[in-house]
Amino acid sequence: MKKDLLSIYDLEAGDFKAIFEKARHLKSVHEQGVAYTPLKGKTLGMIFDKSSTRTRISFEVGMYQLGGLALFLSNRDTQLGRGETVADSARIMSRYLNGIMIRTFSHLIIEEFAAHATIPVINGLTDLLHPCQILSDLFTIIEKKGSYERLKIVYVGDGNNIANSWINAAARLPFHLALSCPEGYDPDSGILDRGVKEAKEGVSLMRDPYEAVRNADVVYTDVWASMGQEAEQEARARVFRPYQINEALLSPAKKDAIVMHCLPAHRGEEITAAVLDGPRSVIIDQAENRLHVQKAILEILI
């Protein structure tokens, strides 16, 4: 693997296999209650400009279970919040730490940090991309379906960082990705154009969610308004209402289709409680797998 994991595009075919095999091993070891501490003596810095539940807990617990230490750093805890340059912070933290995970708004910040750091930098989430989530989702699909190859994976909702990262994944791996977003809420145009050109099994964007979901193996959604878009919540709710994942919208999907959501979910908005808690939903396993996949990433990179 490359030094950093900022995007799915940082991974080659062999890297996906290595991460998923390592995650499978780490999950088995965890379930057996066997101590496995390859990162003993190693420290991960975790920089958070955005609040988090799953990202913080999974990385912090993951480092602990691997024998290492995780340091939580908000923008109030570092000189980054007081005017120190990203480049200076990256160089200095590289002397203290063995790796950095960053959850921030601008993707440019994490790219600049990685350019000046001499230690691995992991993208815990930016407004543009969320690679760790998609890797965990792919691992979950392998567990539930045996493989993601040749499947039809459908994303319904806002063209946000999750949608962008799914497009990146479809350009690297052999599955068909269909996206359904309201007009004006499409994924990043540059990412979409590249994904359409490079996709192994095809990337398609359509307005009709029922047509998108037809014969789907996996149906995926996310919140309609991401962090920082709270002022748009009411307007977005009106636009996105036809894109709610409910029993009617799932009817064109395959009978054994699974439903995924990266969480947190707004029940009754992008997805109904009946579907979220229903037999097709794999959201709890999906959330758990953030821990195992990110542990695999940490062990490989650090």
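Including glycine, each Cβ sits where the backbone N, Cα and C put it.
From a predicted model like this one, the values you see are computed outputs, not experimental measurements.
Some features that Swiss-Prot has for this protein:
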type	residues	note
BINDING	Ser52, Thr53, Arg54, Thr55, Gln79, Arg103, His130, Pro131, Cys132, Gln133, Cys262, Leu263, Arg290	carbamoyl phosphate binding site
BINDING	Asn161, Asp222, Ser226, Met227	L-ornithine binding site
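The structure, with features from Swiss-Prot marked on it.
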residue : record                           : Cβ contacts under 8 Å, 6 or more apart
Ser52   : carbamoyl phosphate binding site : Arg103, Gly124, Leu125
Arg54   : carbamoyl phosphate binding site : Leu263, Ala287, Arg290
His130  : carbamoyl phosphate binding site : Asn123, Asn161, Ile162, Ser165, Cys262
Cys132  : carbamoyl phosphate binding site : Leu5, Thr55, Ile122, Asn123, Gly124, Leu125, Arg290, Val293, Gln294, Ile297
Asp222  : L-ornithine binding site         : Tyr155, Gly157, Asp158, Asn160, Ile162, Ala163, His261, Cys262, Glu270
Ser226  : L-ornithine binding site         : Asp127, Asp158, Asn160, Asn161
Met227  : L-ornithine binding site         : Lys50, Ser51
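Here the binding residues for L-ornithine are Asn161, Asp222, Ser226, Met227. Their largest Cα to Cα distance works out to 12 Å.
Summarising the environment of Asn161 (L-ornithine binding site), the number of other Cβ atoms within 10 Å of its Cβ, over all protein chains shown, is 25.
Within 8 Å of the centroid defined by the CB atoms of Asn161, Asp222, Ser226, Met227, the record's L-ornithine site, lie the Cβ atoms of Leu125, Asp127, His130, Asp158, Asn160, Ile162, Val223, Gln229, excluding the listed residues themselves.
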